[in-house]
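**Student:** Below is the structure I would like to discuss, written out as structure tokens.
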């Protein structure tokens, strides 16, 4: 029996079958040698005998075992009886059973303590890399871009109440809205805040930014971070100029930012409405830099944010959209069918939006009224509670008292709201008051929105609501991942990274040259995988290796996510949505 002391690491050295099978096990405080004969019982199980050696014998036994193993190594490759010990399979995993122990120049008896080593020479590794074959991925299924993706198990039959935001949830805007926001905010910046008139000549670039970025108000840098606050190399900009890795390290001292610094100076840009804001900040900084005009980054951020806020609150944006719905709103024929399906199964529906009733009413009539199939006269008949001007995220905190609003007279009641009436409109309110008045509580309520922090975090944490996020970009991202070219490039990158891991176990000039070649190739392949999503910042959901802050927050705060709300229509309302197993780095991945 092995020592009952905790074994911190086990290494097994198989010895050819023409000798006694000897397996050397390195333990944290002693060394155990297991010797086995080739005798097999009638049940087919080999019998083992073991004995312990004291720590005084450890060095001797290590040397003898390694030397004996090296002398017999050529025979092992020729002996079919030992095929079960190791069958080399390129690119499958880093750790293999040991056939040739690692040698350290300073200590020839040194055996690495972190994991087993390779059974091949450097020349064999180089040859294997040169002769690598394109991985056949034709049997690997693609993902449905319009599927519902699950973070946490969700039983739809337990949901009695479904709530919805308006912007980018029920209302799916076209790309022209981003151009409109940028132009209106730029006009405010120049006309009201007296920024240089020449800025108006710089137009919105829809290809520049992605959402989920962060702006450093201390240094004036727009960047993409992973969930560990690592800056993605090549995805950090001063104005429209990307910074090199050396420049980033000169500024921050590292590619990883401290949590305290992030909390103090980084401003998140988490929803689609932030895209024109990010572009406007970058264009403004670039213009001021090019013309040698001194500026404070924090002030630029405050002015641009204020200008974008004025666009949303001033009425100009909404009036423009209402004047041309076909240009700015994308109608989806399944939206009405999905909402009617919920109603037919006895579900309660509510609308919770920051927009005015005037704006939401015009949009909902355009989107829904021709999809009600004669079952309802107006979209307001479909929703049990309608709340506008709720002022999220303040709504989820202290909030304000609810007030009933009368659209016909543009008048607000002064009375306390102690129950919700059908076809009536309410403004203001708070999450606590909403729960008390509606009596809808906890996990029987599910709310859908497009903004993780403004829409979903607090209702989930404070009231236990189930949450769903609508991410418009998801269909494009999944479509790119499904493309044969992307999948082939990803497979090549994973192969390459496996070779890099193996190469690092060797030493010498030849190894260094080969490793440098591999790293250069890795850099090129990473760029090739980044550019299809966005040439500047890459994917919304991941950096080269890790999940982005956006994706990590999505996993923590959303039970499900999808590209549009009506994607749920194909799921029975009795379905249990079960997530895929989330593997940890040390776990075996079974596909």
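Each residue, glycine too, has its Cβ placed from N, Cα and C.
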**Student:** Could you check which of 38-88, 89-139 is flagged in Swiss-Prot as region 'Disordered'?
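**Tutor:** Based on what Swiss-Prot states, region 'Disordered' spans 38-88.
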**Student:** Can you match one of 450, 498, 559 to the Mg(2+) site that Swiss-Prot gives for 165, 167?
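**Tutor:** So the Mg(2+) site in Swiss-Prot includes 165, 167 plus, from the candidates 450, 498, 559, 450.
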**Student:** Sorted by position, what residues of the same chain at least six away from residue 311 (substrate binding site) have a C-beta under 8 A from it?
**Tutor:** 181, 184, 185, 188, 317
**Student:** List the other residues in this chain whose Cβ sits within 8 Å of the Cβ centroid of the substrate site residues 305, 306, 307, 308, 309, 310, 311, 312, 313, in sequence order.
**Tutor:** 185, 188, 314
**Student:** Around the Mg(2+) site recorded as 165, 167, 450, what other same-chain residues have a C-beta within 8 angstroms of the site's C-beta center?
**Tutor:** 166, 168, 169, 170, 171, 271, 353, 449, 451, 455, 470
**Student:** Let me know how many other Cβ atoms fall within 10 Å of the Cβ of residue 305 (substrate binding site).
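**Tutor:** Its Cβ has 18 other Cβ atoms within 10 Å.
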**Student:** Listed binding-site residues are 305, 309, 313; which of them have CA atoms within 10 A of the CA of residue 165 (active site, nucleophile)?
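**Tutor:** Checking Cα-Cα distances against residue 165 (active site, nucleophile), none of the binding-site residues falls within 10 Å.
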